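Enquirer: Before I ask anything, let me first share the structure, which is written out below as structure tokens.
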Amino acid sequence: MSFSVEVLAGIAIELQRGIGHQDRFQRLITTLRQVLACDASALLRYESRQFIPLAIDGLAQDVLGRRFTLEGHPRLEAIARAGDVVRFPADSDLPDPYDGLIPGQESLKVHACVGLPLFAGQNLIGALTLDAMTPEQFEVFSDEELRLVAALAAGALSNALLIEQLESQNMLPGSSGVFEPIKETHMIGLSPAMTQLKKEIEIVAGSDLNVLIGGETGTGKELVAKAIHQGSPRAVNPLVYLNCAALPESVAESELFGHVKGAFTGAISNRSGKFEMADNGTLFLDEIGELSLALQAKLLRVLQYGDIQRVGDDRSLRVDVRVLAATNRDLREEVLAGRFRADLFHRLSVFPLFVPPLRERGDDVVLLAGYFCEQCRLRLGLSRVVLSPGARRHLLNYGWPGNVRELEHAIHRAVVLARATRAGDEVILEAQHFALSEDVLPAPPAESFLALPTCRNLRESTENFQREMIRQALAQNNHNWAASARALETDVANLHRLAKRLGLKD
């Protein structure tokens, strides 16, 4: 059997029919699997000494979430070094990266494997891998025929990555036009919710707008901030991180703006704050809702005027910093409650983004599980870590109240448990290895953290919120007005007056 002109033309036509890069990639490997009659095919992108799956056919879905390092996968390292078609003999001692990852064949190892490195000029940009359970499956195809397939795939991948680069740079003046792969941000997911989020990140990354990133705890807001920074013109400069929730009030101002020698006890030398460290770069303020009102006012001034004052210094320093902020709170409610400044909220939320909870991301759970399985494999020195079909179903049926962070911990714990009950360096995760509560059902869809209030205006919304706060305080304190005032941190006389104005008492 050999490739005819019609077969090659058919592959080229399928590439042109695709709508978008992902569809073209999928059409390519699906067609190749049919033409070569193999059990599995995959298109991989090469970056930073690792291969990242872009499209698969005949492999377990979690492969799309895995990241295959050269150090951890000798066959892929051989493909990366070869520069030409690589055929692995059926008795090769090198483990196949897809062993145990062909559905229905989890306990069997791949027998035949061909690797095709993909190049753009002299740069390695990816690889095609072809696997079969029959040892002699690929012997009927010549190296020259496989090189033609590699050329078609390399052209499709090179064009896609170049377009991605140009889009991420927004055709910025000064762009060299030389092909440079986009950096991996570990934002794994193909669900509609994640696809939309990635599009919004691409839109805002090339601008210089401040961004407010909302979402539940554990959804990956820091990864969103990294993706925005990496896709921006500021990517050559630092991304500085500060967790506002971990800042004691006594040192918060110094952490943000720095201090001069002698500004306070213990200030034995001048010290730059996070804003100075992030000059010409990006500052990511995590848990922004935890900042005190006093610090919020000082942060607002920096956003308005672009200058800071170190603690203990009267001089102003100019800084050029893009601010990305994240919160798991509903800042609109915080504004109504008087705990967050409305003017700062509007300064930060020029372009709001919402990171969806894991329960709304469908099959992304399996992709992320694959990513964490591969991490565990490398960390523990195992030859393979795979999910059984039952384990995949179990993960998909769980509600994940702790989101991606909970999934990561669950995978790590399951690998340790499975390893303890099985000899050797191969781990197959079963449903029983996951200590997940059966009674935790998927939570209802979360409303956007920027959902508009149903009231007609700000005053009505504020009064309704105050009314509810007072009712709750009274209920929790047996309708004792003095105790309720203490709980609300207000004077009892002021509470009586406010309640009367709101119609809660005569």
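Any Cβ shown, glycine's included, is placed from N, Cα and C.
Pulled these from Swiss-Prot:
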- 481-500: DNA-binding region (DNA_BIND)
- 215-222, 278-287: ATP binding site (BINDING)
- 187-416: domain 'Sigma-54 factor interaction' (DOMAIN)
- ASP57: 4-aspartylphosphate (MOD_RES)
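Can you tell me where each of these features sits in the structure?
Expert: Residue counts for the DNA-binding region (481-500) under DSSP, helix first, then strand, then coil, are 16 helix, 0 strand, 4 coil.
For ASP57 (4-aspartylphosphate), the number of other Cβ atoms no farther than 10 Å from its own Cβ, over all displayed protein chains, is 19. Following the DSSP three-state reduction, the secondary structure of ASP57 (4-aspartylphosphate) is strand.
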Enquirer: Would you mind listing the long-range same-chain contacts of the DNA-binding region (481-500), meaning Cβ under 8 Å and 6+ residues beyond its ends?
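Expert: Same-chain contacts beyond the flanks: 466, 469-470, 473-474, 506.
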Enquirer: To the nearest Å, how far is the Cα of GLY218 (ATP binding site) from the Cα of ASP57 (4-aspartylphosphate)?
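Expert: Rounded to the nearest whole number, the Cα-Cα distance is 31 Å.
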Enquirer: Could you say whether, by DSSP, LYS221 (ATP binding site) belongs to a helix, a strand or a coil region?
Expert: helix
Enquirer: Could you state the whole-number distance in Å separating the C-alpha atoms of LEU285 (ATP binding site) and ASP57 (4-aspartylphosphate)?
Expert: 41
Enquirer: Hey, what's the Cβ neighbour count for GLY215 (ATP binding site) at 10 Å?
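Expert: Its Cβ shell of radius 10 Å holds 22 other Cβ atoms.
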Enquirer: Considering the binding-site residues GLY218, LYS221, ASP279, which residue's Cβ sits among the greatest number of other Cβ atoms within 10 Å?
Expert: LYS221
Enquirer: What's the CA-CA gap between ASP57 (4-aspartylphosphate) and THR282 (ATP binding site) in angstrom, rounded?
Expert: 40
